[in-house]
Amino acid sequence: MEKLNLLGFLIITLNCNVTIMGMIWLIVEVLLRMLVVVLAGSPIYEDEQERFICNTLQPGCANVCYDLFSPVSPLRFWLVQSLALLLPSVVFGTYTLHRGAKLAAVGGACRPQVPDLSTAYLVHLLLRMLLEAGLAFLHYFLFGFSVPARVSCSHVPCSGAVDCYVSRPTEKSLLILFFWAVSALSFLLSLADLLWILPRRKTLRTTQWVNGEARPVCEVPAPPPCLLQNPQGYLSQGQVDQEDRQEEQVVPEFPCMWTAGQSDNSNVGQACVSGLLEHSDQDASEATSSAGDRLTVAHTAHELRFHRETSLDLGGKNTQADELSLATQSHLARHSSASKPQAPCRLTTSGSAPHLRTKKSEWV
């Protein structure tokens, strides 16, 4: 990875600063409160005012009695209660993501440390518990614990005591009791979370004081900075240079020094084949030049023998002629070996050695 996975770091930051009790509370809040409000409360209270019937035909009396019975719709109150209790958690999550993103941006390629946000988590817990208690008190003041089947009303514009009847009172009472149970469970989970975080925060402070440095709760298992900066991975620069030198030493000076198994199916093998063809052409030219040299030597020897037979004495003439013949042959052999061009590369085949021995015997 060239860059740090920001999303993964933010998720780990939230995971390290939120306890298991906080996660359970969030599940209870979403599943047992908000979904029940939407799926169960909405069908029950959708015709609440229409089914609220009073035993009078006085205009406006039914509306006044219903307003006294239910100043606030329970469905709307429960929805507002759920959103209000989620507000501290949303604020804490936003603050955690902001701190995590800031640390990740400043850290760069170095390993970022998860910030310790136990103080902010404690403040958010206290605020959530206060909201839970306040909304529970308001819920009791508005709705109580049950829904009556009949309501008496004597306010203006009613002409006297008027009885009004509520639709589905038992079902509404059960739903109210369910939300009371959810509120109690939510408060207990918040209290357990508070008791969970206090010893943990005290232990963290003791650890920081003993070590003399601020330690995070947990760390992200990120790769070391050298891996992010060095494209060769965990190898150091010296190891990389050593490997490069070894690779340069392995490559031979001439492509033809490679064996046949290494040069097959490669461009280098084709280069070696072309080098071998050029070397065979050079061998043919060398053979032609050596044949010409042998003809010259033979012609010179024939002249020497003719001169020896016609001019000087047989004993002294033969000795001088042999010495002159040997000197001439050695001079021509040195001249032919000096004029021979070197092969561009050494052959590794087994057939080259006998060929060279044959040429050497021919020169001698």
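Positions of Cβ are set from backbone N, Cα and C atoms, glycine also.
Residues annotated as topological domain 'Cytoplasmic' in Swiss-Prot: 1-19 (among others).
Beyond the ends of the transmembrane segment (20-40), by six or more residues, the same chain brings 75, 78-79, 81-82, 85-86, 89, 121, 175, 178-179, 182, 185-186, 189-190, 192-193, 196 to within a C-beta distance below 8 angstroms of the stretch. What Swiss-Prot lists as transmembrane segment is 20-40 (among others), and the listing cites sequence analysis.
Among the features that Swiss-Prot reports, topological domain 'Extracellular' is placed at 41-76 (among others). Same-chain residues lying 6 or more positions outside the topological domain 'Extracellular' (41-76) and placing a CB less than 8 Å from one of its CB atoms are 142-143, 151, 153, 155-159, 162-168, 171-172, 175-176.
Annotated transmembrane segment per Swiss-Prot: 77-97 (among others), in sequence order.
Residues or ranges marked as topological domain 'Cytoplasmic' by Swiss-Prot on the basis of sequence analysis: 98-128 (among others).
Here Swiss-Prot flags 129-149 (among others) as transmembrane segment, drawing on sequence analysis. Distant neighbours of the transmembrane segment (129-149): 70-72, 74, 77, 81, 84-85, 87-88, 165-166, 169, 172-173, 176-177, 179-180, 183, 186-187, 190-191, 194; these residues of the same chain sit at least 6 beyond its ends, with a Cβ under 8 Å from one of its Cβ atoms.
Under the heading topological domain 'Extracellular', Swiss-Prot lists 150-173 (among others). Counting same-chain residues at least six beyond the ends of the topological domain 'Extracellular' (150-173), those with a Cβ under 8 angstroms from any Cβ of the stretch are 44-45, 47-48, 51-56, 58-62, 64-66, 68-69, 74.
If you look up Swiss-Prot, you'll see 174-194 (among others) marked as transmembrane segment. Tertiary neighbourhood of the transmembrane segment (174-194): same-chain residues 19, 21-22, 24-25, 28-29, 32-33, 36, 40-41, 44, 74, 78, 85, 122, 125-126, 128-129, 132-133, 135-136, 139, 143-147, selected by CB-CB distance under 8 Å and a gap of 6+ residues from either end.
Look at Swiss-Prot and you will find 195-364 (among others) tagged as topological domain 'Cytoplasmic'. The topological domain 'Cytoplasmic' (195-364) scores a mean pLDDT of 49 in the predicted structure.
Residues annotated as region 'Disordered' in Swiss-Prot: 331-364.
What Swiss-Prot lists as compositional bias 'Polar residues' is 331-340.
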Per-state residue totals over the topological domain 'Extracellular' (41-76) - DSSP helix, strand, coil: 17 helix, 2 strand, 17 coil
